[in-house]
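Enquirer: A single structure is presented below for examination.
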Amino acid sequence: MADNNSPPGSVEQKADQIVEANPLVKDDTSLETIVRRFQDSMSEAKTHKFWETQPVGQFKDIGDTSLPEGPIEPATPLSEVKQEPYNLPSVYEWTTCDMNSDDMCSEVYNLLKNNYVEDDENMFRFNYSKEFLRWALRPPGYYQSWHIGVRAKTSKKLVAFISGVPARIRVRDEVVKMAEINFLCVHKKLRSKRLAPVMIKEVTRRVHLENIWQAAYTAGVILPTPITTCQYWHRSLNPKKLIDVGFSRLGARMTMSRTIKLYKLPDAPITPGFRKMEPRDVPAVTRLLRNYLSQFGVATDFDENDVEHWLLPREDVVDSYLVESPETHDVTDFCSFYTLPSTILGNPNYTTLKAAYSYYNVATQTSFLQLMNDALIVSKQKGFDVFNALDVMHNESFLKELKFGPGDGQLHYYLYNYRLKSALKPAELGLVLL
């Protein structure tokens, strides 16, 4: 279970097309190619010794169709699960983080704000808000014991954090209870202390105590072994600011005024019946989502309680819109995005990059292009600088036409203690982890 994705990278515009800053040949991003490059670049001494001891797909097993799909290790009796926490180095101690407490929430927020994932050039760092963290960490049926901190014994300062939340994820035809592992963060000055492996083992132990034996997680780095590798795409909403802060660059033969004109959007959504989601829409949205997600090889298994928590709009956290037929009043289409700003490091004029991230979208009557263009319009109205999307589900069908450009960030998806016989294409994945 692992560190989350890095902030999406930069995008370069060229003439009236959008091209990536670090071009990748599409055929070169297959899982086998990525793994081969990884293995070629790693000496034997640097291989992932920790992950080789864990029940995860191993690089050496890729292509071995004799291995069964499903759990790698069987569930063990709860009485045999280690009852005491794993030992930390003597100067540290475990703490359980109560996200209902304002003080505790502030501690977690500040740790992440100052030490969480940065882009490769150290220009941007994720800045999850306190409201976002409470939303992400307190879904229906959450376990406070899965919100795990590490303190320095002497100063009592929070120096590391890892979290899990319960989820139901369908893998092929089987719905599996899992933990979604996220927000693994160790203070920058303690990165050499090998805290992460023991934190991963501890959250795994606590998950096992609730009789859950599988997990899902993402990382911006390659570990053994991704079930799929997704590409980040970015759509400029405020191109001047994005260029000024170094997120994107002015393309060859492009002026700033031409670039602004290229990305200009209408002032209001154009789809009749397009409106903000309300509590009364939860049953209809749940039906739409369940039907849509059923076509993907791995997907989240939403019920109404999940939809109410994850998709009802929350200011500066998550936005959801739908199309209600003016004639029948049926809910026919749905789009959503969550708010994840990044701190801009070392820029004298700007401190925050406001980014929207595509979440779950379903189009049945409205064209997907028109639905997502309306999502871009409302995100621009709400002051976002950029709209980000992964090439999961059917997202690839709108990315190029709506002027998204591929970034240099990739996100690898993993399952813990569950083997897939073959890797998925991004378009076969119906799961978005925050």
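Backbone N, Cα and C define each Cβ position, glycine as well.
Straight out of Swiss-Prot:
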| type | residues | note |
| --- | --- | --- |
| REGION | 1-24 | region 'Disordered' |
| MOD_RES | Ala2 | N-acetylalanine |
| BINDING | His48, Lys49, Phe50, Trp51, Leu184, Cys185, Val186, Ser192, Lys193, Arg194, Leu195, Ala196 | tetradecanoyl-CoA binding site |
| ACT_SITE | Leu434 | active site, proton acceptor |
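Let's see these features in context: how buried, what's close, how far.
Expert: Lys193 (tetradecanoyl-CoA binding site) counts 17 other C-beta atoms within 10 Å of its own C-beta, drawing on all protein chains shown.
Around Leu434 (active site, proton acceptor), a 10 Å sphere centred on its CB holds 21 further CB atoms from the protein chains shown.
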Enquirer: Could you round the CA separation between Leu434 (active site, proton acceptor) and Leu184 (tetradecanoyl-CoA binding site) to a whole angstrom and send it over?
Expert: 12
Enquirer: Does DSSP give Lys193 (tetradecanoyl-CoA binding site) helix, strand or coil?
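Expert: DSSP assigns Lys193 (tetradecanoyl-CoA binding site) to helix.
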Enquirer: Cβ distance under 8 Å to Leu195 (tetradecanoyl-CoA binding site), same chain, sequence separation 6 or more: which residues?
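Expert: Same-chain residues close to Leu195 (tetradecanoyl-CoA binding site) (Cβ under 8 Å, separated by 6 or more) are Leu88, Pro89, Tyr92, Val150, Val159, Ala160, Val186.
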Enquirer: In which DSSP state, out of helix, strand and coil, do we find Leu434 (active site, proton acceptor)?
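Expert: Leu434 (active site, proton acceptor) sits in coil per DSSP, no helix or strand.
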Enquirer: Which secondary structure state does DSSP assign to Phe50 (tetradecanoyl-CoA binding site), in the simple three-class scheme?
Expert: helix
